[in-house]
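The following features are taken from Swiss-Prot:
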| type | residues | note |
| --- | --- | --- |
| ACT_SITE | Asp102 | active site, charge relay system |
| ACT_SITE | His139 | active site, charge relay system |
| ACT_SITE | Ser360 | active site, charge relay system |
| BINDING | Asn53, Asp111, Val150, Asn152, Ile154, Thr156 | Ca(2+) 1 binding site |
| BINDING | Asp321, Leu322, Gly324, Met327, Asn330, Cys350 | Ca(2+) 2 binding site |
| BINDING | Asp478, Asp512, Asp577, Ala579, Asn602, Asn603 | Ca(2+) 3 binding site |
| DISULFID | Cys28-Cys48 | disulfide bond |
| DISULFID | Cys325-Cys350 | disulfide bond |
| DOMAIN | 59-421 | domain 'Peptidase S8' |
| DOMAIN | 456-622 | domain 'P/Homo B' |
| REGION | 116-140 | region 'Disordered' |
| SIGNAL | 1-24 | signal peptide |
Amino acid sequence: MKQTSLALAITALLSTLPSALVQANEGCAPLTGKESGMDIGRSSTERCLPGANPLQDQQWYLLNSGQDGFSARGGIAGNDLNLWWAHRTGVLGQGVNVAVVDDGLAIAHPDLADNVRPGSKNVVTGSDDPTPTDPDTAHGTSVSGIIAAVDNAIGTKGIAPRAQLQGFNLLDDNSQQLQKDWLYALGDSNASRDNRVFNQSYGMSVVDPRSANSLDQSQLDRLFEQQTLKAQGAAYIKAAGNGFNKIAAGGYVLNRTGNGPKLPFENSNLDPSNSNFWNLVVSALNADGVRSSYSSVGSNIFLSATGGEYGTDTPAMVTTDLPGCDMGYNRTDDPSTNRLHGNSQLDASCDYNGVMNGTSSATPSTSGAMALLMSAYPDLSVRDLRDLLARSATRVDAKHQPVMVSYTSSTGKVRDVKGLEGWERNAAGMWFSPTYGFGLIDVNKALELAANHQPLPPLVQLPWQKINVTGSAAAIADVGNSPTSSTTRIATPLTVEAVQVMVSLDHQRLPDLLIELVSPAGTRSILLSPFNSLVGQSLDQQQLGFVRTKGLRDMRMLSNKFYGESAQGTWRLEVTDVANGTRQVSLLNRETRERTTLTERNNRQPGKLISWSLRVLGHDANRS
């Protein structure tokens, strides 16, 4: 059964709102959603944003006109979430509850208070007020403003300015981060269960591989599955990570030195929670319409969203801050060159900041966009909403090219292989990039597609299919002439929504490895790019406190690249060792500021592929 037409959905929404709630600048009047033939794209002559909020004109993520966000220069017009038509037609996130699981939420902030609903929790004190007392704990408050700052002519405007917020301060420095508190905040409590969006602007950086089979991770996976698949289910939005160039781990900041291929140091698949199908993982885009310099990437990326840069040379995100000039990112003594900061005339109370960034900003950008879609189409499943966002996304940075890795094999043959793909089209016609996922969110287009959307058939989760690899077929040659490969066959006629892989192998220098999955249609997806942050084997265990590992043990990775393809047929895993030279990693001690250099020496013996497992999630191909 088709959904109600968009015009009817918007008319119904407008009928519930007092006209004063849609504040309009002169020349940006409300629309009915019934206007015939209107261009609702990023270059439309009708493009404008309602609202009289004094900082709104610098919120490029709402409507990018090339403004500078109080930095040295502006971005390129049009690189935004394209939500102006949604706002002009009254789609504002009404009726949608959003949980911000972060370091806190200033619930009395003048630009947030009217959108904060009961049910927040301070896991440190046990109270229902997660307002931070530490002046450096402003992250969650800034995240909240991006999602749902009130359209009240005070400061900024949220992406979904009528959505309702709860805050849970799991990331507070004094939080013990107990599993029971994570479960409580993420939907396993009466207080949080009715949230339709869970914003997770956090992640994990690792130097040694982590298994996704821990009890804690398994509990969260089951909870996310239950909450996602229920009627009017919940969307879990997750940050990809900020480790493209460097990571923080074990008291150190690590980055690779030298002039090697421009590959991510932190592949987003290295965080076990990022290979969870139920998490919609997001990379960050800047105001110029390309990957934010810090953003982690990988085959698990579903979408890209606005995250910005650092707010000095080029725009970050203008949003709410802890109130007061002695709290948060914006303080009287703030050394930032962002013009909003330091007791500026525009923000004399220092209640806002112009330096919020990271995939921590791309995540609430996505949460806000999801809230807008849920507001207009409350009965669509989360899987349907994900499908709409994927099919409507914009292929930004269209000339984005693959990163090539060249090496000389053990027999003297020069091999050129892809270390990371650019934009590629899969066998189902879907464009995908591990940098941008399916592309930049386009709210207006997603709403337009929703009017005639056919709901997806029920989700089918095939059981894990394990393949043991033995004998000579298991050997991973040092800079081999060809990859080590293993195959398995799926007989079920399934249309793919995502594919998960778990890999176990032995190898003495894991960052040498390129791991790829090839579908029955021949589409290739790089699950793990080489020269990554898995440098724990090379670290001095006693000096730095890292634990050595023999290799990967059931390390889970996810790919969205096969979306819409047929699962039926032969799947192939390929593992290639692409390097044998000596490399170096720089380590900065975060406490002493002492810098040392780590030498990564080549493996002394070939690696070994022990086993791998495959799971496909999708729906009945005969009902697509």
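Glycine residues also receive a Cβ, built from the backbone N, Cα and C atoms like all the rest.
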Want to know which recorded positions, from Cys48, Asp102, Asp321, Leu322, Met327, Ser360, are within 10 Å of His139 (active site, charge relay system) at Cα; which are they?
Asp102, Asp321, Leu322, Ser360
For the region 'Disordered' (116-140), what are the same-chain contacts with Cβ under 8 Å, counting residues 6+ beyond its ends?
97, 100, 102-108, 164-176, 178, 181, 184-185, 191-192, 201, 321-322, 326-329, 331, 353, 360
Non-site residues, in chain order, whose CB comes within 8 A of the mean position of the CB atoms of Asp321, Leu322, Gly324, Met327, Asn330, Cys350 at Ca(2+) 2:
Pro135, Ala138, Pro323, Cys325, Asp326, Gly328, Tyr329, Arg331, Ser349, Asp351, Asn353
Pull out the recorded positions from the set Cys28, Asn53, Asn152, Ile154, Ser360 whose C-alpha sits within 10 Å of the C-alpha of Cys325 (disulfide bond).
none
Residues of the region 'Disordered' (116-140) by DSSP state, where helix covers H, G and I:
2 helix, 2 strand, 21 coil
Which listed residue (Cys28, Leu322, Cys350) has most other Cβ within 10 Å, given these are recorded positions:
Leu322
Number of Cβ atoms other than its own within 10 Å, given for Asp512 (Ca(2+) 3 binding site):
26
Additional residues surrounding Ca(2+) 1, by Cβ distance to the Asn53, Asp111, Val150, Asn152, Ile154, Thr156 centre under 8 Å:
Pro110, Ala149, Asp151, Ala153, Gly155, Lys157, Pro161
CB-centroid shell, 8 A cutoff, Ca(2+) 3 site Asp478, Asp512, Asp577, Ala579, Asn602, Asn603, site residues removed:
Val479, His507, Arg509, Val578, Asn580, Gly607
What's the CA to CA span in angstrom from Val150 (Ca(2+) 1 binding site) over to Asn603 (Ca(2+) 3 binding site)?
56
Around Gly324 (Ca(2+) 2 binding site), how many other CB atoms lie within 10 A of its CB?
15
Within the chain of Thr156 (Ca(2+) 1 binding site), which residues six or more apart in sequence place their C-beta under 8 angstroms from its C-beta?
Asn53, Leu55, Gln56, Gln59, Asp111, Gly145, Ala149, Val318, Thr319, Thr320, Tyr352
Using DSSP and collapsing to three states, where does Thr156 (Ca(2+) 1 binding site) fall: helix, strand or coil?
coil
Please report how many Å separate the Cα atom of Gly324 (Ca(2+) 2 binding site) from that of Ile154 (Ca(2+) 1 binding site), as a whole number.
15
Counting other Cβ atoms within 10 Å, pick out the least crowded of the binding-site residues Asp321, Asp478.
Asp478
